[in-house]
């Protein structure tokens, strides 16, 4: 196997900003044809309900069902999938679930209120979503860890009913996924997928109840359908290719860092793995590790393509410069493999998850550290957050004016409303002013 | 003026669910032509930057500028708009700003972390957005209160730079809006609007810096542009027509309730005002108030159209039934004009803002009670929240494994990763397991 050709950049070069921009660029052109096909499926499911779901599921998943109720898995199926797991796997899933739940409990929002001097009460009331849909892909990206990461925060939030949909091509189901659904407390499971499943969850059919929000990863049809039903229901973010950025001071075993880069690259050819170091010789050492370890990897070809087309090794002058690059990239995963990760972390403004210290491999966070592995990709960490309990709760403002409070506020509101020529607003406020 | 013809429903009728659904239905068909025009404008601004912004602004706003820098208002202009306000208005704006800020401070998220027995640290780091764009409409919907409601939470969150855009047709600016921008601490103002302003903020041009998120209301071109740049930047919700739902036990002065219904209806013909009462005679009394007061209103025709096409008076058997209807509607604004609003509030699961008690007119909350008036419309309160400080902050997960922690977690991660056939993940975790 020939050595890998991985992009080298130097942050001190005059052209670095443009080079970095090119490295990060990823063309996600919206496919208008897919858009229109998905629109048609959604319209069909809205109009024809169960009948449309049956037709699309039989067609796309090579099923032969006569009615949607056949798609629902009875709870015993999930339980038996769980019971049949090897002890090692069920214990590992249980450990992961416990840790994900413990971390999620810290995210739970609570209602609050305060009373002003005149007796007026202001506050914020927190309520969970009534019902949530969890999309789980079939095929190669069917990950039990994803089921836990999406389902557990919803349950911690207090979501009333969690409905999972997962396509079962030719009736095939993934036993690990069903076991994870059992463990996470998923309430109902329908073996359906694609845009038709998203549409059914968004609008409801005779058999499938409408949900308030749809979360979970999926292919381009699923992602497009989620975008198109947004507004009717809430959705989580639309994930791009996964990325890791590692900042290393040159003192971590280069094999460890090479494997951390691989762990991202093995996801798919478009995944992006970038290493930044203050030490050029260390970048060489990691490249040697990459070349030595790559032939031993099960997914060597995916890793090779990912690293050669989207990977990079970047030399910086110091850790402050490394933080600057990280803040431009706003990576999904950021490893701070340095002596004093707390100090460096203070300079990080944008990242989905920050893995601190030489022992904190991203893979630990992917499975069982506790924080969610559903993270903002493609620089969206500039403005968005990991999936969390807060995504399954929402806030209502509370205002309870005392008579005195309404009197005072009424005067202010009246002046402002009249300034905006909204006189019904003004008069409504004025009714609450005490007659003088 | 003839009496108004307002829909009457009875929640105990067999057909109520369907009638309610029809009442709430609002056809928001996506206009494909608008979609394509906006796509073209965005592509042009991405490609040609300032030049495209100049062309569109001159064309759509009847301006005659030669370069984008002419669109920026110097800080003195904002300050002088503020200084020239009548004292009554500046005091009212100041009162509102103080109260909005005080409430917003309660929403501020703080970082947290905890240490496990083996020394592993887990946490969540909160950072503000670097730079935010605030869209403010020109024309009839230019409201200074909206500037305060959008800008103050961003500043409380600690956003580094807040850039306001507001179209100035033929160069005309709204002095109240500029005064509010000064008061709220907006950092820069460009007099531009439409899809071109949204595109410039999303992608940046030579003169206009790219932002991380765009908030604020706008017309269909602005709303479409926001949807299309989502992903490149964050956006707030896309607002539909405004709505109020009032639940009254029949003991509030019917004139007050009529005026509260008007205050929503005067926004525009598509606004929706609904009253629910346990007392049929009270619904008659409010209808009489409506008919008596309507001819005295400045915006009588807008109110009449809104109430006759989208308004309703609904009879329910008891307050529990009223709460059930409210939870189906998931209203933007909910007034609980009843004797014991706290008790009723316990049964409310979905609402943007809840106005409790007979003195709490929605108009007080619209201007100065403190909570935000940017609220989820069109039943989206089922899954979304008022605009708040949290919309201008984001979270990063923190994971710092001790050597012992990595040893334990590495074993679990390895088992799960191998279960998913992700062996680079497994080996990355295994490197952190202590050699036995």
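Please read every residue number as a count from 1 along the shown chain.
Cβ coordinates come from backbone N, Cα and C, glycine included.
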From A:333, A:350, grab the residue that TrEMBL records in the same substrate site as A:242, A:264, A:267, A:366, A:420, A:425.
A:333
Is there any among the recorded positions A:332, A:366, A:420, A:425 whose Cβ is under 8 Å from chain B, and which ones, in sequence order?
A:366, A:420, A:425
Across all chains shown, how many C-beta atoms besides its own are within 10 angstroms of the C-beta of residue A:425 (substrate binding site)?
29
Near residue A:264 (substrate binding site), which recorded positions out of A:135, A:196, A:219, A:332, A:333 have their CA within 10 Å?
A:333
Binding-site residues listed as A:196, A:242, A:264, least Cβ neighbours within 10 Å:
A:242
Listed recorded positions A:135, A:219, A:332, A:333; those within 10 A of residue A:242 (substrate binding site), CA to CA, turn out to be A:332, A:333
Smallest Cα-Cα separation from residue A:332 (active site, proton acceptor) among the binding-site residues A:267, A:420, A:425 is shown by A:267
Of the recorded positions listed here (A:135, A:196, A:219, A:333), which is spatially closest to residue A:366 (substrate binding site) when Cα positions are compared?
A:333
Going by C-beta under 8 A and a gap of 6 or more residues, the same-chain neighbours of residue A:135 (NAD(+) binding site) are A:164, A:165, A:166, A:193, A:197, A:198, A:201, A:214, A:215, A:216, A:217, A:218, A:222, A:226
Other than its own, how many Cβ atoms are within 10 Å of the Cβ belonging to residue A:219 (NAD(+) binding site)?
16
Under a three-state DSSP reduction, the secondary structure at residue A:333 (active site, proton acceptor) is strand
